[in-house]
Each structure stands twice: as structure tokens, then as C-alpha cells.
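Asks: First the structure, which I've put down as C-alpha cells, then a few questions once you've had a look.
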Amino acid sequence: MTTDQDLPMDSQSATAMFAAKGLDVTPNKDQGVIKIVKCPGLGAEQPMIGDRVTVHYTGKLLTGKTFDCSRDRKEPFCFNVGRGQVLKAWDICVLSMQKGEACTLLCKPDYAYGPPGNPDKIPPNSSVIFEMELVNFEGELLTDDSGIMRRIKVKGDGYTNPNDGASVDVHLEGRCAGRLFDCRDVSFIVGEAEDRGIPLGVDRAMDKMQRGEHCVLYLKPKYAFGSEGSAVYKIGPDEDVVYEVILKDFQRAKESWEMDLKEKLEIFVGVKHKGNQYFKAGRYLQAVIQYQRIVSWFEMECGTGLEQQKKIQECLLTAHLNLALCFLRLKEFSQVVDNCNKVIECDESNEKALYRRGEARLLRNEFNLARADFQQVLLVNPSNRAARAQISICQTKIKEHHEQDKRTYANMFKKFAERDAKEKKEKDTPPLEWRY
């Protein structure tokens, strides 16, 4: 069946037809994007700014000619809505849709391909039509392990974000299983939210927010109150929580390039102390934030003269050694090895770096490499009993590994021999009809 949209139209008649049947979804109601709903969606929930959305679409000129279609490629298209990754019309339209909704939209040039058009496909200054289906949407993941998901209710202003060490003023509302447990206006230092009873997930979201932003954060236990829960908020262990956050204002901390060496050395002591406090309290992720700040300050610092260079190296070695210890507790063994390597590059006889790298390698079942590290520790300090004990453990593990290999290969060769014997027997046995 031929629809109105399949018939050739000029821009004026297309606008009149869509305006009669559809809804102007542009913020300023200039008829730049007019939507006609063909199939209503499910429920009332709509995507929020930054959500990851999945759509199917067909793009047509007003002549009815198709210039692009996701279904022809047999795969939907994904993007983060409201981020300027797609046509302006798409960002506006998708934010007005529900999951499963199918619609047709008329897009004026300013909301589509503009004065240039698209060579070989879209003539200059062309209005276009899109048939669109919202297949799915979900919040924006802020961490690789999916531990923090953000959905933006109100977009913030400007292009700057709080950084580690920034002072922020926020409004918070925390909920667990629908129960409001925290509601307050509060100020804190990014990287030190723990001190104000604010979970790590809220702290780590700060550097993605703009002034005035209103968002909802969905936090997994690792970024909420962990396996301990919170007695203060009456939250049990391993509970997901949801925080609604408004970033009212912030003052950025100085970046590395904005500080001279003297200023960096002055604040080094306080930041290291804060990291040590978090480490002793078992807040290893929070400690990592502090030690990484130190690395960011000094890793590109050269200094003038041997005395300054020595101080810079001392600060970096301290930060990398402490990071290695944190990552050991977090069982992130590759990070342990990386930080120890950076220490050993500067100080090849550093006992702590060699020992911690050996621990990480042992826990990664790299027994020979671990044994070599512990042996190197003994060359540096022959009285290190812990290293001597670790060498014994490595040797036991290596022996066990060799025994396991022997058993594995013995079983393998036995099976090969049995298979060869069976094949030989079958080959030597004459066919049944030859036996009589």
C-alpha cells in the first residue's frame, strides 16, 4: 500500500502534511523536526541524554528515493543520544520516543544535512524523511566493569568538568531498593568523597559531569558500600544503590602544568598521607586515586639540578610502590607488575619493587619469573626471610607443575598408543566375507 510519505513531495507540501498529522518535537517549535507516531512504544519511559540507544532506520528523500537503511545491512545502529554523534534531528526525536516505538519524521535541512547535503546522496539544502524504530536504550556506562551507569535528566552547562582534587557542591538523594536513605546538600573534594559518607561511584562520576547537570547514577556494590554495607544508612552487604545527583557548582584543582615543582612538593606530603589513610582503612580504590595524582604531577617533571631530580624520583618511586601494594590487595596483578617495572627502571635493586613484582607473578602462576624476582631480592638483601620462603613456595609450585605436565603427557601418549593399537588391529583383521 502506498502511503503519503511514498509519494514525491516538495518541502512545503511535506511540512503541511506532517504538521497536520504529527507533532513538532523541536525545543523552539520551528517545525524543524515533525514526528508522526506509527506504532506506540511500551510504557512511558524515554531515553535520557547520554543513554546508549539502538535504532533501525530508513532515510528517504522527498522524492521517495531511499538513501540509507539499517535493515538492508541487517544490523541496527547504536549511538549515545544527545551527544552530537548523529544528526541533530535524531538526537531530538529519539529523546521523545519509547522503547518499541516506530515513527516517521520530517527533518528540515538545519536539523539534517544542512546547506552542503551529502555528496552523491543528499542534494544541498534538502529536507529528508526518516522512518525510525527505537529498539532499545540503556544508561551510559562510566566504567569498563559496568559498575557505574549514568542517566542524565538535565544536561549541564559548559565544557569543563571537576577533576581529582576539585571542590564540588552537590545535592544528593540516595536510594536502595526504593528506600530513600540519604538526602542532603554537601560539599566534598573529588577523590575524598569517602570522608563525607559518599560512595566511590558518586565520586568517580564527578569528572564526567558539567555544572548544573542533574543525573541518576546506578551503582554496583563495588562502587557503593561493598561487601560491608553501611550501618549508618542501614544498607546490607553487596547491595546496588541509586543516587540522584545535581552538580550545583565546582572549583577545579590546579592541573600539573599550572603548578611549579615547589608547589607540587608541598602538596605531595598531604596527598600521600591521605592515600596512606585510605590504604590502612582498606579503601584501596580510594588510595589508588591519591597515588595516581602524585604520578600525574611528577611523571613529566624534569627539575633542574641533581637535588630536584632526586626529589622527583623519590616521589615517583613512593607513588608507584604504593600503587603496586594497592593493586596487590585488589588482585589486579598486571597493574602490580607495571608499577613495579617503573620503579625498577629507575632503581634496579629496589627490594620492595622486586618483592612485590614477585608476589604478583607468583599469583599469576608465573613461577619461574617469580622465583627469579625473589632470588634478586636475596642478592640485594640476603637476610630477607620472606623472599627465601617465597622461593621455596615457587620451587614447590614448579615441581607440582612439572609433575602435572608429566601426568598429562603420559595420559596423552597412552591414549595415542591405544588408538594406534586399535587401528592396527582393525587393519590386520580381514573383512568378514574373507573368513569363510
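Quick reminder: no glycine exception, Cβ is built from N, Cα and C everywhere.
Positions annotated as domain 'PPIase FKBP-type' by TrEMBL: 50-138, 165-251. Per TrEMBL, the feature repeat 'TPR' maps to 351-384.
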Asks: Helix, strand, coil residue numbers for the domain 'PPIase FKBP-type' (165-251) per DSSP?
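Replies: So the counts come to 16 helix, 41 strand, 30 coil.
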Asks: Same-chain Cβ contacts of the repeat 'TPR' (351-384) under 8 Å, 6 or more residues past its ends?
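Replies: Answer is 320-321, 324-325, 327-328, 331, 333-334, 336-337, 340-341, 343-344, 390-391, 393-395, 397-398, 401.
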Asks: As a quick check of your reading of DSSP, tell me how many residues in the repeat 'TPR' (351-384) are helical, how many are strand and how many are coil.
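Replies: Tallied per class, the repeat 'TPR' (351-384) gives 27 helix, 0 strand, 7 coil.
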Asks: Grab the pLDDT values for the domain 'PPIase FKBP-type' (165-251) and give me their mean, rounded.
Replies: 97
Asks: Across the domain 'PPIase FKBP-type' (50-138), what are the DSSP residue counts per state (helix, strand, coil)?
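Replies: Across the domain 'PPIase FKBP-type' (50-138), the residues distribute as 13 helix, 37 strand, 39 coil.
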